[in-house]
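Visitor: OK, TrEMBL features for this one:
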type     : residues : note
SIGNAL   : 1-28     : signal peptide
REGION   : 32-83    : region 'Disordered'
COMPBIAS : 46-61    : compositional bias 'Basic and acidic residues'
COMPBIAS : 73-83    : compositional bias 'Low complexity'
ACT_SITE : GLU199   : active site, proton acceptor
REGION   : 224-266  : region 'Disordered'
Amino acid sequence: MPQKGSARIVAVVAGAAAMAFVAPAAHAATPHSAHPAQVSASVARTESHDLRHSADVKKNDMSSGNWSGYAASGSQGSDTSVSSSWTQPSITCGSSDTYSSFWVGLDGLNNSALEQTGTEADCIGGQAQYGAWWEVLPAAESPYSVTVAPGDQLTATVTDNGDGTFTMTLADSTQGWTKTTTHAGSSGYQDSSAEVIAEATSVGGSIANLSNFGSVNFTGSTANGSSLSGASPEKITMQNSDSGDVMASPGTLSGGDFGVTWENAS
């Protein structure tokens, strides 16, 4: 799937009255602005998040061309809810467009279904842009009209309602918003996996270069209401299927907590 600059204080005095305002510097430098650029809806709708180029490495250890994190995996009906929290990363942009996403979802590891919600951090035209979304495959992501900024505290949950629909909830406690979408599951959904993932987003059907997000820490991750580690999940390393270069690697899972570290754009 920029930084905001320091502010200068300008005082304007007219007669006995005075007022001050803060104007942004011409070149942004601080990563924690409350109002960074947001990914446009037209760009978001070209993005999708299905698993690509997966391969088993050893028991409970696999590689993927676009996912990194952990995924509980079982038989049909084994995973009906997933949840995790994370701090929205700040990204470093160069001249190339890059994309990254951070999300939780059900299905997708063992089949072509996937119900999910999360955030993104993209470099487009040299500018860092952030956003929030939900997705039910095979459709592309559907963006939310909200503000997401580096440093925001996010919590996401996806639940199978047992009636053919799924509820996807994404909350940003820093910005003070919560978005909830209930939608029919993907055709052929199985509830056979639950994922907590950092991703190189697919754009226009192809895996994009991965934004340099440094690292992202997922905390309190659960599958079916219990700590993710109790499900003996698959550890997924993001690896370029052509060059073999590692793009992002997950750290050790402790209960429901783990980090994912950026390694390479492609």
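Note: Cβ is positioned from N, Cα and C throughout, glycine not excepted.
Curation does not apply to TrEMBL; its annotations are automatic.
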Visitor: Go ahead and report the DSSP secondary structure tallies for the region 'Disordered' (32-83): helix first, then strand, then coil.
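Guide: The breakdown for the region 'Disordered' (32-83) reads 4 helix, 21 strand, 27 coil.
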Visitor: Give me the count of other Cβ atoms within 10 A of the Cβ belonging to the residue listed as 'active site, proton acceptor'.
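Guide: That number is 32.
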Visitor: According to DSSP, collapsed to three classes, what secondary structure does the residue listed as 'active site, proton acceptor' have?
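Guide: Reduced to three states, the DSSP call for the residue listed as 'active site, proton acceptor' is strand.
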